[in-house]
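Have a look at the structure that comes next, please.
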Amino acid sequence: QVNAVRVYVNSSSENLQYPVLFVVRQQKGVLSWQVPLIFRGLYQRTYNYQEVSRTLCPSEPTPETGSSDQIIFVDVASMAPFNIAYELLVTRLENFQLETNKAFNFTASPSQPQYFLYRFPQDVDSVIIKVVSDAVYPCSVVSVQDIVCPVYDLDHNVEFNGVYQSMTKQAAITVQRKDFPGEQFFVVFVIKPEDYACGGSVPSSIHGNVNRTWNLQRTKNLQVTIVPSVKKSVYVQAMFFSFLSFLSFYLGSVVVAFVHYIRDPFRSTDVKLIVPFGSASMAGSGIMTSSHPITASTPEGSSYGAIDESSSSGGRQFSSPEGRPRAGSDTDSSVEEESDFDTMPEIESDKNIIRTKVFLYLSDLSRKDRRIVSKKYKIYFWNIITIAVFYALPVIQLVITYQTVVNVTGNQDICYYNFLCAHPLGVLSAFNNILSNVGHMLLGFLFLLIVLRRDILHRRAMEMKDVYTLDYGIPKHFGLFYAMGIALMMEGVLSACYHVCPNYSNFQFDTSFMYMIAGLCMLKLYQTRHPDINASAYSAYASFAVVICLAVLGVVFGKNDVWFWVIFSIIHVLASLALSTQIYYMGRFKIDGPDSDLGMFRRAVMVLYTDCIQRCSRPMYMDRMVLLIVGNLVNWSFAVFGLVYRPRDFASYILGIFICNLLLYLAFYIIMKLRSSEKLLPIPMFCIVATAVVWAAALYFFFQTLSSWEETPAESREKNRPCILLGFFDDHDVWHFLSAAALFFSFLVLLTLDDDLDVVRRDKIPVF
């Protein structure tokens, strides 16, 4: 048993010019202080205390000296020209050593700090120090220091040694045996003279007498409990659980693929079995002629813009093998781009005619060469890989630096962990928050495999027959799906990077690829029935870059600057209107004036008058108009909300805008699909239900706030909670697991949603 001595002194003198000096000399060190004891705060405020109590650094008996008594010298001095009364009391501490799983209550103040000794039991390698208090203030600091004299137990020096964190009502520090060669440590409790570090009021500056003294009674009742942390076997169980849970998705995918293979009625090598009767006929020497002209895609009574196949589109849409490279041939993409259907000058008039028809069908918007369009969409895949590498490497370097700073300085106020469930591994302070992101990477890779399988099957089908003889189903372009899979994997990587040291400065790492995922999903949904007019990869990623720039500006200026929110709201509204215009007119709306600059405005006024006033009761494209009106109302509501409330979490605010727009568009797409008498097959129906259920469960855990970098570190720790899964994962880790599964199911919805149209002619598939 280690013995400790506490020295209490009191002096009624408030004369700062002649303080009483106390010097305590021990075998291993010297401890000194003065009375009145002065603490300094902001703006040179000073706080003095007449009562001071300090615990002397204990010394353990050694085999050489045995339990012999130790000699302590206490020197008292003052330069005052008059007598000063003081009181000195030396007591022995009976409860200096803390015990495992046993709560201990005590009181501390700025001038009367406390510290206690703890020794690791033989079978314990890691412990959690839990400190609680009923009162929020005064602000306090909990520190863990090695058995070294002197012990730093005052406000101005507690940060000099060991690991420390500020505290209001709750604190928790995980300590590992390997970090203390002596297998013991001190737990130090310091009360700060001011509360601003814990979110309390900031004292106003003092004008005049900067040496004003304060006699404050800032005592705080604390309770400390040291409990064993999880064992190494729990780490192994958690890793097995994480990997096996998501590897089960691989097994399920293999089973579904096998069932499809067994039940596939088109496994015969006879190509004619998969060509619906009457779709096309062979004519002449390889020239393909359609049995249905394009005018068949226009409903009766709406022949505006109909094009006879023999006049303009027939010779271009179905060409001879000599005039167009066959599918699977290797040609330079730049050469193909030059021969793209979209670049022919005489086709511009056809575009304007076709895309402005009241009733559009998929055949009207899938007139380009399939191979050229597929290569255009594959640029999404290659570009996102490049972006991921250039974005992730500096992020990884930065968070490693953050973690190094935390480990070297011991300042646990830098990172906003859930300290009641933060399990360290190696140099990482919260390995569980990193491990739980493995689902994004595993399921993202699985989605890539599923898309690759579909891509290979589609290519084989194209090699077995002439692609231009079969205008059935949604055009198969997989570039965006590959990009979505990479984005899901990178979301896991960057979320893990953020959770290495979560704080206000790097939260954008956790959300950047969420913006891309939401944007790519919207682009894929639009591309499904608008394959010829979707945005290019360069435009899309440039738009994402603008969004991320705005997110960075929001982190820097979005907290209090009204001008930023005004500018952002204006940009948001104008961008919504511009995008709505392009969607409504299928990309054929251009503001240009042939005569002068005023012609541009004249054109805009005429378009608004014609489409918004004359046709207000019945717009030309009713379904699109309803979607865009609702979408603009939602986005304008977000703009007003941001302008009025100015949320501090700007990154989540932008993410909410993306997610709401995606959900709105997906709901519109499914409703229009059902309105068009199209079916939902069992697999997409299962994916839709699974997506809704898993997202609901995931969002429940997401809103279980365990920390918040919008507050001070001490206030954030008030939200900390114990682990809920396997004694290793907390609510936010469960959110990681469920959100990864929810995103995977969401991607499968987009991948399989239109599988029912594979046997439907494109001139019978409506565009919406």
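Positions of Cβ are set from backbone N, Cα and C atoms, glycine also.
Bear in mind that TrEMBL entries carry predicted annotations, made automatically and left uncurated.
According to TrEMBL:
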COMPBIAS  310-320  compositional bias 'Low complexity'
COMPBIAS  333-343  compositional bias 'Acidic residues'
REGION    296-343  region 'Disordered'
TRANSMEM  238-262  transmembrane segment
TRANSMEM  380-400  transmembrane segment
TRANSMEM  434-452  transmembrane segment
TRANSMEM  480-501  transmembrane segment
TRANSMEM  507-526  transmembrane segment
TRANSMEM  538-557  transmembrane segment
TRANSMEM  563-585  transmembrane segment
TRANSMEM  625-644  transmembrane segment
TRANSMEM  650-671  transmembrane segment
TRANSMEM  683-703  transmembrane segment
TRANSMEM  734-753  transmembrane segment
Does the transmembrane segment (480-501) come near the transmembrane segment (650-671), with 3+ Cβ pairs under 8 Å (pairs 6 or more apart)?
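They do not touch: fewer than three Cβ pairs between the two stretches lie under 8 Å.
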Given the transmembrane segment (734-753), which of the listed stretches 380-400, 434-452, 625-644 has the most Cβ pairs that are under 8 Å apart from it?
434-452
Counting a contact as 3 or more Cβ pairs under 8 Å, with residues at least 6 apart in sequence, do the transmembrane segment (507-526) and the transmembrane segment (650-671) touch?
yes
Any contact between the transmembrane segment (380-400) and the transmembrane segment (625-644)? By contact I mean 3+ C-beta pairs closer than 8 Å, pairs at least 6 apart along the chain.
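Answer no: the transmembrane segment (380-400) and the transmembrane segment (625-644) share fewer than 3 Cβ pairs below 8 Å.
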Which residues, given as numbers and ranges, are at least 6 beyond the ends of the transmembrane segment (625-644) yet have a Cβ under 8 Å from it?
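Result: 565-566, 568-569, 572-573, 576-577, 580, 583-584, 619, 653, 656-657, 660-661, 664-665, 668.
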